[in-house]
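S.K.: Got a structure for you, written out below as structure tokens; questions coming shortly.
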């Protein structure tokens with residue numbers, strides 16, 4: 001009986017702890033840039049890798065550069081482990097796509113799943129483009145507005161960012177018209193008020209951008225929303241397929257253990273019930289015998 005109780009306790013412990021690996025040796029950490037992923041030339045940026053898993057070490061790796069992997073001892077603060085990588089004096093050589101990994105001391109060669117990629121871009125290298133709004137920077141809620149980024153420089157790609165947003169939109173430059181190269185970013189409906197800037201870049205150096213355009217404030221009158229269209233991010237209605245895959249996989253793994261726990265609990269209760277019935281059996285027989293004896297005595301008195 002004690003072995004069964006111990007087994008039930010162990011299964012319940014794992015279910016409560018949720019100790020199921022998501023992917024890799026440990027689940028992926030998060031990678032952030034402070035103050036942001038767009039860094040002016042010669043300025044400093046801090047890349048922070050953090051996780052609620054207590055990693056002792058973090059590794060920072062830039063894609064395509066094997067000799068630029070940095071290792072840092074993690075700090076444990078308020079239930080979070082983190083490591084800060086400072087990139088001083090930003091140059092073209094340091095721009096690119098970064099990922100970070102976590103590891104623990106007793107398994108230093110087993111890394112966690114990689115963090116989501118983070119693009120670090122150097123800005124301020126080329127002539128700034130111009131940013132304008134059509135029909136104008138002030139529109140009614142529900143109306144369409146188009147932001148046009150243009151320059152006489154032959155940029156291959158234009159990037160539009162909104163102040164306070166982590167991601168940006170990008171479009172290839174259209175054919176040269178009136179000695180300018182232009183990309184038009186439609187915002188439809190016009191519920192995306194905020195301050196916008198645009199940048200230009202060349203095809204062979206996607207992480208090296210121009211200077212920022214002058215800021216453009218788009219004002220939306222009426223009922224406005226701060227939603228920002230992102231073709232790369234799914235809406236909350238459709239959900240993230242990757243996240244759903246993790247949830248489904250975790251549920252499939254937990255289901256057999258849940259069934260096992262139910263089976264053990266049912267068997268334990270059945271054994272307990274059977275033991276209780278066996279204990280009550282002799283007492284019941286003695287009661288019946290006493291009743292039979294009393295009934296026989298009563299019959300003898302009556303015949304007498």
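Each Cβ is built from the backbone N, Cα and C atoms, and glycine gets one as well.
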S.K.: Going by Swiss-Prot, point out which residue in 67, 274 is annotated as N-linked glycosylation site.
M.R.: 67
S.K.: Between 227-245, 246-264, I'd like to know which one Swiss-Prot lists as transmembrane segment.
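M.R.: In Swiss-Prot, residues 246-264 carry the label transmembrane segment.
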S.K.: For the feature N-linked glycosylation site in Swiss-Prot, which residue out of 178, 285 does the record point to?
M.R.: 178
S.K.: Of the recorded positions listed here (49, 84, 100, 178), which is spatially closest to residue 149 (disulfide bond) when Cα positions are compared?
M.R.: 178
S.K.: How big is the gap, in Å, between the Cα of residue 198 (disulfide bond) and that of residue 178 (N-linked glycosylation site), rounded to a whole number?
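M.R.: Computed Cα spacing between residue 198 (disulfide bond) and residue 178 (N-linked glycosylation site) is 20 Å.
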S.K.: Residue 84 (N-linked glycosylation site): which of the recorded positions 49, 100, 178 have a C-alpha within 10 angstroms of it?
M.R.: 49
S.K.: Express the predicted model's confidence over the topological domain 'Extracellular' (22-245) as a mean pLDDT, rounded to an integer.
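M.R.: Mean pLDDT, the topological domain 'Extracellular' (22-245): 85.
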S.K.: Between residue 178 (N-linked glycosylation site) and residue 100 (disulfide bond), what C-alpha distance do you get in Å?
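M.R.: It is 45 Å, counting Cα to Cα.
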S.K.: Determine the minimum-neighbour residue: among 84, 178, listed as glycosylation sites, which Cβ has the fewest other Cβ atoms within 10 angstroms?
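M.R.: Ranked by other Cβ atoms within 10 Å, the glycosylation sites 84, 178 bottom out at 178.
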S.K.: Kindly report the helix/strand/coil residue split of the domain 'Ig-like C2-type 1' (42-107) according to DSSP, in that order.
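M.R.: Reading the DSSP string over the domain 'Ig-like C2-type 1' (42-107) gives 3 helix, 43 strand, 20 coil.
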